[in-house]
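*Asks:* Mind having a look at this structure? Questions to follow.
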Amino acid sequence: MTEPLIRVRGVSRAFPAGDEMVRVLKDVDLDIEAGEMMAIIGASGSGKSTLMNILGCLDRPTTGSYWIEGRETSKMAVDELAALRRERFGFIFQRYHLLGDLSAASNVEVPAIYAGRSRSDRHKRAISLLTRLGLAERTGNIPSKLSGGQQQRVSIARALMNGGEIILADEPTGALDTHSGAEVMKILRELHAEGHTIILVTHDKKIAEHADRVVEISDGVIISDERNVSRSTTARPIREHGPSAGWRGAIDRMTEALRMAGAAIWAHKMRSLLTMLGIIIGIASVAAISALGAGSQQQILSSISSLGTNTIEVRAGKGFGDLEAGKIRTLVPADAEALVNQPYVDSVTPTVTTSVTVKRAAVAVNASVTGVGADFFRVRGLELAHGQLFDAQDVIAYSQNVVIDASAARDLFPDRVNPVGQVILLGTMPARVVGVTKRENSFGPAVDTLTVYAPYTTVMGRMLGRPNVDGITVRIRDDVDPGNVEAAVTRLIERRHGAKDFFLTNSATIRETIETTTQTLTLLISSVAVISLIVGGIGVMNIMLVSVTERTKEIGVRVAVGARRSDILSQFLIEAVMVCLVGGLMGIMLALGISALFNLLSPDFKMIFSPGSIIVAFACSTLIGIVFGFLPARNAAKLDPIEALARD
């Protein structure tokens, strides 16, 4: 005796009702041979739909066993059941359950997507099936543009897409007029003649009369099993499905998931835009703050270079703010001369500073007069805009030749007279301007201080009358480690003074400190901006949860036609990631726009974007989509298909 296509033994199905379990099916035994056309008839609540759901692998029995071609379904995993639905079954629903935003052809193609068939192959078959069912002119119509009979024919074509060896038709004419219902039953009879196993579920005895076999069920028990005519032998249909095409099938499913996600986002444009808003603001904030931090760092480091390239500063006292430093007079020009001959030194300059009133004609301003050596301008990396520098001979001769900076030139010569060659008064001492330096990026609070550079001998001897200097600046050779030089300078000066009555500052150390500080501040401010990203991510999660609720029936249909849990999970996860990626792209564009405007309004201070920051922004967008999209996607993947299909 041959094994029946379907064998049901002792199947019961119970559902919880309060504290009790209600048995809807009770010890059902049923065999269905391949090629049969059978009707399951019963009143509402008789258990016929529950039995159909179990036969279609949409539900599992509470007790008993269900076999398909000798395979026990109760031991199958969720994805194995999905494979059975995809490869063996075709569903025809009373309410059609077509996806409203897809065309007739696209609706028919859905089962083949999950079977791994190529796009061109499934499209050709969809058109072929629709043409066969008289819908050649309606393949591009969405369901709302089709009549009830036409929608049911699309549903039949979808059931046949992967072969439809077993067709489960739940009240297939229940929502149709008499003429359309007759057409549908004619199609089902033709499919039966071709070898398809047809299982009708109906309450209408007239519909049941189309079947060769009628099984009546009441209160969960089969009460009769009769044949209208002797079952004719029919050839089994050729299966149109095949195994998924490995990685190509997976790529194709992923491509379709991307397309479907894009279509879902486009279908709710305003909602999607509002959902993206939090991501846009968050990404724009993080990117802009990062660019602002990079610009600040560059500006500060550029300003530090005004202290000299790779320099060490020697000053009297124990450190900045030492109240006793003014009483220490051991730091003298001879210390600078001793440093000049050291192998690690590029150039050296003593510095001594005082503040005086500087006059030129009717103009009087407060300015800083800095006494320096001839190498000062090399040490500090200052460049001339006009004129020339004073030299070593000027230093020896206590020359009254001076160089002024761009700010002093601007304020002392508002009439735009060339300062070179002009005489100014430093307090009561006349001095001749021989050069003007270019504007520099000053470091510290004295951004716009007026400065006059004079030979240190002139400032010490003619203006202050003291032998000591305020500090000595040493420019280190580029091929020498500043850390080793700092120790060598300390030993040399300490040996000369007999005590450590001075302290050193290293421009390299200052640079490192500034870099660390600006990075820390940027990170701190960015962490505040990240809050916006988190809020945006929560918004994405909320909207995706709403989307899952709204599309519950769609999920049920996809599961019924063979979608795996991973297919549903990936579809909704991709949708969440796509929302975040588009939001991230718009956020970066917004940040770039802000940067362009900022740089236009502030030419001296630039926001600087790096490729790394943009990559990080996109990575953040993707991560947010994955993290906050996972819960809604998982909920969608775990939906009960029976419950999903039952929702309006």
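Including glycine, each Cβ sits where the backbone N, Cα and C put it.
Relevant sequence annotations retrieved from Swiss-Prot are reproduced here:
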type	residues	note
DOMAIN	6-251	domain 'ABC transporter'
BINDING	G42, A43, S44, G45, S46, G47, K48, S49	ATP binding site
TRANSMEM	273-293	transmembrane segment
TRANSMEM	528-548	transmembrane segment
TRANSMEM	572-592	transmembrane segment
TRANSMEM	613-633	transmembrane segment
*Asks:* Suppose the ATP site is G42, A43, S44, G45, S46, G47, K48, S49. Which further residues of the same chain have a Cβ inside 8 angstroms of that site's Cβ centroid?
*Replies:* H203, I217, S218
*Asks:* Where else in the chain does the transmembrane segment (613-633) make close Cβ contacts, counting only residues six or more beyond its ends and a cut-off under 8 Å?
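*Replies:* Residues packing against the transmembrane segment (613-633) from afar: 279, 283, 286-287, 290-291, 294, 533, 536-538, 540-541, 544-545, 547-548, 568-573, 575-581, 583-585, 587-588.
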*Asks:* For A43 (ATP binding site), which residues in the same chain are close in space, meaning a Cβ under 8 Å from its Cβ, but six or more apart along the sequence?
*Replies:* H203, S218
*Asks:* Among all protein chains shown, how many Cβ atoms are found within 10 Å of the Cβ of G42 (ATP binding site), not counting that one?
*Replies:* 23
*Asks:* Let me know the model's mean pLDDT on the domain 'ABC transporter' (6-251).
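*Replies:* Taking every residue of the domain 'ABC transporter' (6-251) together, the mean pLDDT is 86.
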*Asks:* If you draw a 10 Å sphere around the Cβ of S49 (ATP binding site), how many other Cβ atoms fall inside it, taking every protein chain shown into account?
*Replies:* 20
*Asks:* In sequence order, which same-chain residues at least six apart have a C-beta under 8 angstroms from G47 (ATP binding site)?
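*Replies:* Once residues fewer than 6 apart are set aside, G47 (ATP binding site) is near R13, V24, L25, I217, D219, G220, V221.
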*Asks:* Under DSSP, is S44 (ATP binding site) helix, strand or coil?
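*Replies:* The three-state answer is coil.
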*Asks:* What count of other C-beta atoms do you get within 10 angstroms of the C-beta of S46 (ATP binding site), across all chains shown?
*Replies:* 21
*Asks:* Could you tally the C-beta atoms, other than its own, that fall within 10 angstroms of the C-beta of S44 (ATP binding site)?
*Replies:* 7
